[in-house]
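Database features (TrEMBL):
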type     : residues : note
TRANSMEM : 23-47    : transmembrane segment
TRANSMEM : 79-103   : transmembrane segment
TRANSMEM : 115-134  : transmembrane segment
TRANSMEM : 140-160  : transmembrane segment
TRANSMEM : 172-196  : transmembrane segment
TRANSMEM : 202-221  : transmembrane segment
TRANSMEM : 228-251  : transmembrane segment
TRANSMEM : 271-292  : transmembrane segment
TRANSMEM : 304-324  : transmembrane segment
TRANSMEM : 344-363  : transmembrane segment
REGION   : 372-485  : region 'Disordered'
COMPBIAS : 418-428  : compositional bias 'Basic and acidic residues'
COMPBIAS : 437-451  : compositional bias 'Basic and acidic residues'
Amino acid sequence: MEAMTKKARSEIVIRLPEGWSKAAFVGVEYAFLGWLALVAIALVNYVSQSSSPYLEGMKWTQAVWAASDFWRLAHGGSFAFGGGSISLIPLALPVAMIALLAFAARREIAGMARAFLALGYVPTVLVLSLLTGGSSTLRIFGGALLIALLASAIALLPLLRPPAQVRAGILFAFKTLAIVAGLSVLLLAVALGIHAGGVKGIYALLSGGVVGTITITLLWLSYVPTLACWALSWCLGAGFQAGQGATSSPFSVAHLPIPALPPYGALPTKAPGVAIVLLSALFFALLGFLLARTEKFDSSKHQVDYLLTGGGIFALVMFVWAAFARGSLGVGRMEQVGLNLGSWTLWFLLAALMPLLLGAFFADPTRRSQVSGLVSKKQPVADKQTPTLTVVEDQAQENGEGEDQAQPARSEGAAGREQGEEQDHPDPAGEPGEAEQSPKGHRQEDGDEARAGSTAAPTPKRLRLIAQGQGDPDAPTTAIPKDNK
């Protein structure tokens, strides 16, 4: 019987890449998923609206191209529309991509390899853009690279070990950004609520049923961060352009006819003036004070590091936000809408960044005490706490006052008068007989002689040194005798 040998079954094991190669793989995966999600939404809308007479002759491939155009727009690209171009970025899409990439990197990639997301993300975006008929390759490359780098930076933050004051500054910047972004969205919601009638009227003109309304709503929801930046710019005083020649700010109202777009139904109809700018500056000062009041610094250098880190990150992110909140929405007056970067930078520094840093600076009790000391040094001499000496003539003998205040001086004056009386009148002890026989008469004579002596030699006035500006004003003072000339 032949010996039977068992052969080991061969197994094929596919190992996922590790390190930088895994980071590149994650970048490829999420770049493709982002494009696929928009295409799926477009196809659902196409199927639901295929019976509409407005879409007669439209093919499903056109829905795919439209979704691809919108996806490229999120990466900084543009596409032709009505003889012009659309380049205003729907900032909600890149923000969502950054958040998803950062979350995936922290969950699936270990260590510093998270920095290599761009190796897979950027090439995939470029390939998909070219395959779907895209242009503006350089702009799309820059947008994709920025998205990947920001996602890597957020994913790497937990691995960094900066000094305590720098770490606190980073947290200060993130808290400030979150609060400012949330309040900007709230301002936009309040404006839409106040002008709800106009917004609903525009919706009625544009929507084509339930699905059409949902599609338009999703489209403009992707522009919420862009519109929120416009609302914040309006509050800071810089305003924004709803179209060429139609600027809306606290100092002006957009009067020219503008296209019927749902967000434009919430444009302010009044200009409140500088009051809204002052309120914004006060808000940022209070925000900086409240966020920094719990921080403790070992030295002035640590506080400077804290302020530079927090203020620098906040200013950088806000400038990038403003730079991408401008672009084109068509032809004519809509060729340029959004923010004016020069005006935005100036008003942002004056009404937001400087008040924020000043509030954070004076949140430290040491700094407030230093400023109080500087202010007290500039006050008049009479207001200072440095004691001063004042010479005052004591008229207590004439008006019967000041006995309790000049007790030491009275004792010295009495001793001087007794010594003078002894010199003018010999001691009656040498004649005991007379003293014993008429004690009352002797005391009367002493009183008469004392009054006569006081008439002949007036009692000297006394000068009191009074310490002013410190201590108890009712405390005893030092008296200095002074003879009348």
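Placement of Cβ uses the backbone N, Cα and C atoms for every residue, glycine included.
Note: TrEMBL annotation is automatic and uncurated.
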Key: Most Cβ pairs under 8 Å with the transmembrane segment (304-324), selected from 23-47, 172-196, 202-221, 271-292   = 172-196
Ask   = For the transmembrane segment (271-292), which stretch among 172-196, 202-221, 228-251 has the most Cβ pairs under 8 A?
value = 228-251
Key: For the transmembrane segment (79-103), sequence-distant contacts whose Cβ falls under 8 Å of one of its Cβ atoms, 6 or more beyond its ends   = 26-27, 30, 34, 69-73, 117, 121, 134, 143, 147-148, 150-152, 154-155, 219, 221-226, 229, 321, 324-332, 334-335, 337-338
Ask   = So are the transmembrane segment (140-160) and the transmembrane segment (115-134) touching or not, going by 3+ C-beta pairs under 8 A with a sequence gap of 6 or more?
value = yes
Query = Other than its close neighbours in sequence, what residues sit by the transmembrane segment (115-134), given a CB gap under 8 Å and a spacing of at least six beyond its ends?
reply = 20, 23-32, 35, 64-65, 68-69, 71-72, 75, 77, 79, 101, 105, 140-141, 144-145, 147-149, 151-152, 155-156
